[in-house]
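*Asks:* First the structure, which I've put down as structure tokens, then a few questions once you've had a look.
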Amino acid sequence: MDNTLIDPRIIGKHVYGNLYEIPEEIAGDEEYLRNVVVEAAKLANMTLLEVKSWKLGGEKGGVSVIALVLESHIAIHTWINYRYATVDVYTCGEKSDPWRAFNYIVEKLKPKEYTVNYADRTQLLKQ
């Protein structure tokens, strides 16, 4: 069997993580979080198509913001009482930088600590 180098046809980059001990006033501020996502998309050279957000009440209440970008998506989900957030940035193509978006979001949400994961989701086709 020939193991010739494979050709990446789709460049998929996925950066995601968990943010701990974020300020409650940030975790619950839907407008602020929307603005953070919009700016993160710009900084990462993404083409913003639409932003949706909503605030959920109750003990596990929080805010969700999802940006659809031409290259894929950015999502933030917060839990106010737990001072916790998850962040997901996925891009397709070579021109966008999901790391830049993720790092900007972390800077603006001000966690005391966070974890970050990366998955290369490039489709590799044998030649």
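Cβ atoms here come from the backbone N, Cα and C positions, even for glycine.
Source: prediction; values computed, not measured.
I grabbed these lines from Swiss-Prot:
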ACT_SITE  S72  active site, schiff-base intermediate with substrate
ACT_SITE  H77  active site, proton acceptor
ACT_SITE  C92  active site, proton donor
MOD_RES   S72  pyruvic acid (Ser)
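Tell me about the setting of these features in this model.
*Replies:* Counting every protein chain shown, the number of other Cβ atoms lying within 10 Å of the Cβ of S72 (active site, schiff-base intermediate with substrate) is 20.
On its own chain, H77 (active site, proton acceptor) has G62, V63, S64, A85, T86 as residues at least 6 apart in sequence with a Cβ closer than 8 Å to its own Cβ.
Around C92 (active site, proton donor), taking its Cβ as the centre, 18 other Cβ atoms fall within 10 Å, counting all chains. In the three-state DSSP classification, C92 (active site, proton donor) falls within a strand.
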